[in-house]
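See structure below.
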Amino acid sequence: MYSEKVMDHFTNPRNVGEIENASGVGTVGNAKCGDIMRIFLDIDDNGIINDVKFKTFGCGAAVATSSMATELVKGKKVEEALKITNKAVMDALDGLPPVKVHCSLLAEEAIHAALWDYAEKNNLKIEGLKKPKSDINEEEEEIKEEY
Amino acid sequence: MYSEKVMDHFTNPRNVGEIENASGVGTVGNAKCGDIMRIFLDIDDNGIINDVKFKTFGCGAAVATSSMATELVKGKKVEEALKITNKAVMDALDGLPPVKVHCSLLAEEAIHAALWDYAEKNNLKIEGLKKPKSDINEEEEEIKEEY
Amino acid sequence: MDKKIYLDNAATTATRPEVVEAMLPYFTEKFGNPSSIYEFASQNKKAVTDAREIIAKSLGANAAEIYFTGGGSESDNWALKATAEAYKEKGNHIITSKIEHHAILHTCEYLEKNGFEVTYVGVDENGVLKLDELKAAIRPTTILISVMFANNEIGTIQPIKEIGEIAKQNNILFHTDAVQAYMQLDINVDDLNIDMLSASGHKINGPKGIGFLYIRKGVKIRSLIHGGAQERSRRAGTENVPAIVGYGKAVEIAMDTFKERTEKEIELRNYLIERVLAEVPYTRLNGHRTKRLPNNSNFSFQFIEGESLLIMLDMKNICGSSGSACTSGSLDPSHVLLAIGLPHEIAHGSLRLTLNEDITKEELDYVVTNVKEIVDKLRSMSPLYEDYVKGIN
Amino acid sequence: MDKKIYLDNAATTATRPEVVEAMLPYFTEKFGNPSSIYEFASQNKKAVTDAREIIAKSLGANAAEIYFTGGGSESDNWALKATAEAYKEKGNHIITSKIEHHAILHTCEYLEKNGFEVTYVGVDENGVLKLDELKAAIRPTTILISVMFANNEIGTIQPIKEIGEIAKQNNILFHTDAVQAYMQLDINVDDLNIDMLSASGHKINGPKGIGFLYIRKGVKIRSLIHGGAQERSRRAGTENVPAIVGYGKAVEIAMDTFKERTEKEIELRNYLIERVLAEVPYTRLNGHRTKRLPNNSNFSFQFIEGESLLIMLDMKNICGSSGSACTSGSLDPSHVLLAIGLPHEIAHGSLRLTLNEDITKEELDYVVTNVKEIVDKLRSMSPLYEDYVKGIN
Ligand SMILES: Cc1ncc(COP(=O)(O)O)c(C=O)c1O
Ligand SMILES: Cc1ncc(COP(=O)(O)O)c(C=O)c1O
């Protein structure tokens, strides 16, 4: 069902944990849908993401996408981190099963939420960053039914 | 599907053939339903059935019931022959599958038809003999559907 | 002959040993439910996928267009009922033929009781659909044409390509019951404009209780069996993995042997047909002489009745059938034989012999000899023959 | 542990070697179509009759009341749709429960789209049907009550006798989906006033792709699959003889081992439940503590999600499930767990372990150890657990 990369990031997730007094924290998803991701960012004065941690309640793909997303943003500038899409996360994981695509969207959104929090706390305006939705809808699900 | 007796009477039918100038001949059934029985009777002046022959177009049960019916009436008085029911034919054959019960009715009817012919030819009135139907309906078929 | 001569391959076939071999591990070892998440079950999911792909390929279809069912009857019911339901806004008229299998005909009757109108198009004396009648039957409300690929009793192959074109030109869906034709004839769903196609495992040396419905992508479909999300949420029920695997294997073998097998069958069939017609008087071949299934022969012997013939053949170790297997027990003669214009008494005297490539000519010789003898014997006790000989009608 | 520990017997079971053994001759040798007339096929007819009698006996029913189908889902669909059709003059109301299998629920939804009204009766926190609610739901137009015998996810056994009485007193037909209960619980259709009962072969070490519907004599029935005259003209399709024979064998064995087997399963189940509840904190047992299937356990582990737990167990060679097998892939938590009142996040963290009599206590010890470790690990990365520990929310 899952690629080896996904299984690797699921069973040995990178950057699990919390950051005390994080520069930004974002939590997205909800327990109803079975996925909650929380991302902690430590951002230095030059806008570089020095450290990142996550906690995730969710399926294997949710954990793996969180793990991969944290790997991808780590050491990046805020502006670069913002450009990391769910597609990039999926590609880095060698793909996800169709029903799990929403996990990668959630991971992208969690990064955005943490950046938003960072921006609010520091009264910054980050170019291109919109207030994140706390949740994403599984639009891809519908397609199956139409067929 | 068929009892040994039925198979025996089907594969070695007794009294197959015709009687020339028979005292009575009866043909019942129709090709539409797939069964036609013709019975030839040779009846002597004392009203005793000296000889009987049959020809049948039909399934195994049709042949076997014809054969058994001829055996049962052979040597009997007309009045006795009249009393031979389809049940007697079936019993003598150790039973028939439910869908084949109509064959035994047809055999009974064929005897009656031959007797009727005999009665008409000789201007007799045989007590209890009604003008036979040329065909019988498979009433038992309906029951299945109701269930 | 001590050996049984099985000439009823249209009723069902022996499952091939290789097929059983392929199925076996999926009963006791790899028994998992393909919908399960653990690794142990993923091999079953894969096995199902593989079989689906083999079948898709055999028809020139995509794997996502193949839906496994519990057999040909279910596939037929599903195709008709689902189309009726999904397209009822568009219209309530269905066209089929007079010589369909009961799985189609009785489903049509059911639909008729539920507000649909069905036209049953006739066939000519060889059992070939009357295309003019078909065209004339089309209405603005026609949503489906369902015509069998080849007939199970008389073996006649229908002009499927023409029917597919007519359907397409009129923007009507086209379903074909290919239960007898699949793997006996070359079928490409795109070339023939087929939108839906039914097939059944046990007719091609696969297992019983498995079939499929091909549904072209884009056709609106409703479930017949609702429940779990199996078969892309279209056909509920835990996947019958061993049977699916066996079906895949049977198709694989049937594909590999296709040309040689069908050519051999046609030769044997022709041999049988020619000898019977030449040697048994008052006999006709039912169905088209050449446009017929490679393994099918069907005769009517005048003046005799089919069941007695069958039983006597059985006593000689020859298995044949009269009309379609599923309807034996019924007293009416085959609706197919009536549709090609046979009178009742002749329809009653019919014999279907459907062979496979393993039959030998010697065995067929034995069959012919016995058919001859038995037909003679039965005629000698037939009142119809008596009348005929005496010139009475 | 190198050996796989299969704890998903509610999803499907291994076909017993004796069952496969019994089936084998019917693939390659005795492959005939039971509807055929020749002697060769009559052994197959007999084999089907024998299996039917074994099954009838197991329920205290008559053989003529057992109809073979392609599985549990088909049986469920058939029971509901046929009753709806046959009794629609009497009324259009059906009562079922909130915790039925999707084969019932989705069929009910289908019927709702077609003019029927369905009341979904709730269950208490243990999953037991609320009889008061059931009684209150009855209308003059109620034609059917369909309540499962025992639940496939949480194992709760329903008060079938009481439901049967209520149905009878109100002159309403009673169907029960016994796919999980059959051969795990003692069932007599007369004692329990059951009019229709669904079961499936692969849940009791029989083959996949076969099931039956018990229909009490006198109940008006319509076909779901129209066509040939098989199953007394009620369910068309060439009989799946090998599977029917295998099913009969599986039932025979299950009857013979019934008492010993279920007692052993109950003991093992209790052992597992007690250890898990005692050793894993923030854990609850779903379903009734005692009125539950002998082989079923179902836990909710707070703060974690079921799929990750399953995958990690799989890596330790333990096969379990979360919610019902057929619905995995869906993102919603189990409707059953929601119906017993679990909040979504707890429902998401559920694990079903369904055992069989061959599991050992040592194996269960290994399972408990691993469940503990994995739950710990997942909690350590759960934001919900973090919030809980910090006293947020
Ligand atoms: C309670 C219940 N009903 C119906 C079914 C459907 O049975 P099958 O998958 O054999 O069609 C199942 C099993 O999946 C079940 O557990
Ligand atoms: C043309 C045709 N359609 C449908 C069927 C039904 O197939 P099954 O018996 O596998 O359900 C058959 C065979 O009986 C058939 O010959």
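Including glycine, each Cβ sits where the backbone N, Cα and C put it.
As given in TrEMBL:
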DOMAIN    C:5-367  domain 'Aminotransferase class V'
BINDING   C:Gly72, C:Ser73, C:Asn152, C:Gln180, C:Ser200, C:Gly201, C:His202, C:Thr238  pyridoxal 5'-phosphate binding site
MOD_RES   C:Lys203  N6-(pyridoxal phosphate)lysine
ACT_SITE  C:Cys326  active site, cysteine persulfide intermediate
BINDING   C:Cys326  [2Fe-2S] cluster binding site
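Where TrEMBL records a feature, it is marked here on the structure.
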| residue | record | contacts (Cβ under 8 Å, 6+ apart) |
| --- | --- | --- |
| C:Gly72 | pyridoxal 5'-phosphate binding site | C:His101, C:Ala103, C:Asp177, C:Val179, C:Ser198, C:Ala199, C:Ser200, C:Lys203, C:Gly211 |
| C:Ser73 | pyridoxal 5'-phosphate binding site | C:Ala103, C:Ser200, C:Gly211 |
| C:Gln180 | pyridoxal 5'-phosphate binding site | C:Ala10, C:Met148, C:Phe149, C:Ala150, C:Asn151, C:Asn152, C:Gly155, C:Lys203, C:Leu293, C:Asn296 |
| C:Gly201 | pyridoxal 5'-phosphate binding site | C:Gly71, C:Pro207, C:Lys208, C:Gly209, C:Ile210, C:Gly211, C:Ala243, C:Gly246, C:Tyr247, C:Ala250 |
| C:His202 | pyridoxal 5'-phosphate binding site | C:Thr12, C:Thr13, C:Thr15, C:Gly71, C:Lys208, C:Gly209, C:Ile210 |
| C:Thr238 | pyridoxal 5'-phosphate binding site | C:Asn33, C:Ser35, C:Gly228, C:Gln230 |
Cβ packing number for C:Asn152 (pyridoxal 5'-phosphate binding site), 10 Å threshold: 29
Structural state of C:Gly72 (pyridoxal 5'-phosphate binding site), classified by DSSP into three states: helix
Annotated binding-site residues C:Gly72, C:Ser73, C:Asn152, C:Gly201, C:Thr238, filtered by Cβ under 6 Å to ligand 2: C:Gly72, C:Ser73, C:Asn152
Residue, out of the recorded positions C:Ser200, C:Lys203, whose Cβ gathers the largest set of other Cβ atoms within 10 Å: C:Ser200
Annotated binding-site residues C:Gly72, C:Ser73, C:Ser200, C:Gly201, C:Thr238, filtered by Cβ under 6 Å to ligand 1: C:Thr238
Short-range binding-site residues relative to chain D, from C:Ser73, C:Asn152, C:His202, C:Thr238, with Cβ separation under 8 Å: C:Ser73, C:His202, C:Thr238
For pyridoxal 5'-phosphate, whose listed binding residues are C:Gly72, C:Ser73, C:Asn152, C:Gln180, C:Ser200, C:Gly201, C:His202, C:Thr238, the greatest C-alpha pairwise distance in Å: 30
For the domain 'Aminotransferase class V' (C:5-367), mean pLDDT (0 to 100): 96
Collapsed DSSP category at C:Asn152 (pyridoxal 5'-phosphate binding site): coil
